[in-house]
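Taken from TrEMBL, the feature active site, nucleophile applies to B:Thr196. The substrate binding site annotation in TrEMBL covers B:Thr159, B:Lys185, B:Thr196, B:Glu277, B:Asn400, B:Ser405.
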There are 2 protein chains.
Amino acid sequence: MASKVSPLAPARFPDLPIIGGVRFASAAAGVRYKGRTDVMLAVIEEATVAGTFTRSATRSAPVRDGQSKLAHSEGGRAAFLVNSGNSNAFTGRLGEEAVHGICTAAAAALDLPPSRIFTSSTGVIGEPLPWQRIADAVPALRDALAPDGIEAAARAIMTTDTFPKGASAELDLPGGTVRIAGIAKGSGMIAPDMATMLVYVFTDARIGREELQALTSAACDRSFNRITVDSDTSTSDTLLVAATGASGVDASGQPDFARALESVFLDLALQVVRDGEGATKLVQVRVTGAASEPDAHRTAMAIANSPLVKTAIAGEDANWGRIVMAVGKSGAQADRDRLSIRFGDIVVALDGFRAPDYSEEAASAYMKRQELEIGVDLGLGDGAATVWTCDLTHGYIDINADYRS
Amino acid sequence: MASKVSPLAPARFPDLPIIGGVRFASAAAGVRYKGRTDVMLAVIEEATVAGTFTRSATRSAPVRDGQSKLAHSEGGRAAFLVNSGNSNAFTGRLGEEAVHGICTAAAAALDLPPSRIFTSSTGVIGEPLPWQRIADAVPALRDALAPDGIEAAARAIMTTDTFPKGASAELDLPGGTVRIAGIAKGSGMIAPDMATMLVYVFTDARIGREELQALTSAACDRSFNRITVDSDTSTSDTLLVAATGASGVDASGQPDFARALESVFLDLALQVVRDGEGATKLVQVRVTGAASEPDAHRTAMAIANSPLVKTAIAGEDANWGRIVMAVGKSGAQADRDRLSIRFGDIVVALDGFRAPDYSEEAASAYMKRQELEIGVDLGLGDGAATVWTCDLTHGYIDINADYRS
């Protein structure tokens with residue numbers, strides 16, 4: 001857990017705006033870690049809640065509980081209660097009992113129906129969650145709630161993360177200014193599929209539940225569903241968005257709001273990649289000219305998940321042959337003689353062959369950058385997709401060859 | 001290239017039987033490597049040839065050429081001419097010219113039609129193949145042909161391999177004894193999909209082309225298509241089988257012959273995994289109780305390809321939670337409460353929870369073995385599949401962060 005901060009980390013945690021109607025607290029409940037906070041509580045007044053979750057067939061008890069509650073979400077006050085250190089996944093009947101125990105305790109302490117308590121758990125899989133420690137922490141958390149506690153909350157939900165992740169947007173709509181602030185955790189087991197890691201986003205905009213859900217799902221598809229660290233999909237991925245309406249500003253039907261929400265999602269998603277386990281490079285993979293958008297996405301993910309591409313990037317090796325390999329294995333339609341590949345602005349391959357003016361020296365110099373762009377044009381159609389990944393380094397092996405121990 | 005021999009390597013190259021009608025030679029043509037052999041030639045009398053190839057959309061020029069020749073294979077003498085060091089993949093028009101140049105030279109030297117020359121190339125992608133060096137080596141190769149040159153041939157086709165790979169079978173059929181001998185290369189970029197790495201298998205059995213092809217495809221599906229080192233699929237995967245009939249023994253319709261052929265394939269496939277880049281553990285993943293056979297295969301491959309599972313194995317960590325994760329992400333039907341997991345004979349999870357008598361100590365002791373079995377029962381149906389993989393170690397990063405340079 002005492003990893004050095006990722007070299008790709010932002011200089012500091014951003015200044016996030018206060019979101020009217022939302023208060024935060026965090027505490028050290030001793031779930032698994034010693035000497036650090038591991039539980040965060042957010043209480044939201046008049047919350048319209050939307051969300052997305054992992055589609056893993058072995059998803060955790062809190063994910064299943066959250067999915068069911070979201071489907072029947074009714075408005076009014078709500079709480080998000082999140083612990084790190086233990087994911088409460090694959091814990092059988094004890095998993096449901098733990099969620100029930102936490103929600104019952106929180107409902108009593110916060111004077112809320114249990115159906116308005118959304119819990120998440122992240123950490124080791126398969127260990128019974130010592131939920132009583134979390135339940136016991138709720139009264140103190142309640143007493144500590146404050147509008148400016150979001151950075152501490154972001155720290156409390158970290159696991160192998162090396163820095164807390166936050167992002168925000170402020171925008172002027174016809175009715176006035178609205179604010180969006182979000183936090184996330186995630187570093188390994190990152191290949192969200194129709195879902196994400198743990199992400200909590202708050203806004204003081206006024207917006208209906210169905211519209212907020214639609215905006216959330218669409219923005220998630222273009223942000224969290226476009227990142228990968230290691231192709232492994234978590235059992236606990238959860239994204240929750242709460243709108244309080246405290247600004248009094250109606251965001252319904254406002255494209256600027258949709259764009260701002262997506263920008264916050266994307267900012268957080270890229271911070272997750274920047275904190276990819278062992279990462280030293282942030283890599284954008286842009287595929288164009290695919291026969292379809294799904295083909296573009298499939299090709300981009302095949303590149304972004306390829307261990308051989310990712311180790312070449314770690315070694316600062318302009319090994320574009322491995323990109324050819326990944327394109328070939330992706331299952332997407334491809335034609336060698338129409339394929340072109342670039343690193344940044346350097347065209348390395350064109351029409352099925354090394355580019356005529358290819359310079360190994362220039363490509364190698366480019367690979368020394370900390371942020372890289374790989375561009376692939378399949379030359380077949382209009383399908384395009386962008387995904388983000390990181391390199392695969394000794395640091396990843398160090399972290400994961402004994403994370404649990 | 002000067003890697004230490006894999007700790008999982010067999011003690012020595014096996015004694016392979018002489019296959020009547022097949023002669024081998026190898027040479028140092030200087031394609032890319034210095035001070036070692038890098039070209040092998042096999043000339044087969046009265047060859048019935050079958051094969052399978054990568055389905056990569058960016059497959060190499062020799063693969064495309066071999067596919068087309070196999071489709072029109074007519075019997076009679078044939079030759080396999082293989083180089084290491086350069087894969088002649090993504091080399092555009094020059095790739096086809098190189099294959100044409102090599103085949104023309106070999107056809108002249110061996111007095112064969114070019115349609116009976118099957119070439120393969122393995123090594124770096126995207127560099128023009130210096131094919132004239134190979135063409136120039138053919139006369140000397142021809143003059144050196146000998147029935148016992150198969151081990152030297154196995155060495156000549158190695159790239160990042162740390163040991164040459166051979167396997168054989170001998171079996172008594174009603175008409176007499178037949179022999180099968182095969183060689184393979186492969187270490188990284190190993191996730192054959194309906195194909196394999198470079199593999200050449202020879203038998204003195206007499207058998208028709210269609211039947212040999214059917215046996216080859218079926219055996220390949222149960223051997224090479226069940227291994228993975230790094231989930232990356234080569235542009236050059238090629239498996240060729242040649243039957244000479246020199247034994248005079250008819251193997252048509254003999255299940256024992258089919259089984260023997262498959263046993264040679266599986267032996268070679270497991271040697272490829274044993275030589276997986278950086279591998280220190282050989283891991284068998286056996287999935288049972290799946291809703292279907294494809295679901296079982298998908299689940300087994302999700303486990304076998306998961307970086308988090310493979311790094312846990314490298315760290316000798318009995319981290320079965322990551323197996324739950326991989327089952328969940330596979331896309332196959334799964335039900336947490338019916339899932340059970342074992343390491344060898346140690347049941348670690350049962351019916352959606354840690355096994356009641358789970359002993360971390362026993363599981364950890366098991367993980368220290370060099371050869372491991374992971375068993376997963378999905379509890380849903382009769383679908384079953386077995387695949388083989390290796391661990392993901394610092395060695396893999398070392399090898400691949402600067403293979404090309």
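Cβ atoms are placed via backbone N, Cα and C, with glycine included.
Since we're looking at a predicted model, the values are computed, not measured.
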Per-residue Cβ crowding (10 Å cut-off), top of binding-site residues B:Thr159, B:Asn400:
B:Asn400
CB-CB under 8 A to chain A: among binding-site residues B:Thr159, B:Lys185, B:Glu277, B:Asn400, passing residues in order are B:Asn400
For B:Lys185 (substrate binding site), what is the tally of other C-beta atoms lying within 10 angstroms of its C-beta?
27
Could you say whether, by DSSP, B:Glu277 (substrate binding site) belongs to a helix, a strand or a coil region?
coil
Using all protein chains in view, find how many other C-beta atoms are within 10 Å of the C-beta of B:Glu277 (substrate binding site).
28
Through the lens of DSSP with three states only, how would you label B:Asn400 (substrate binding site)?
helix
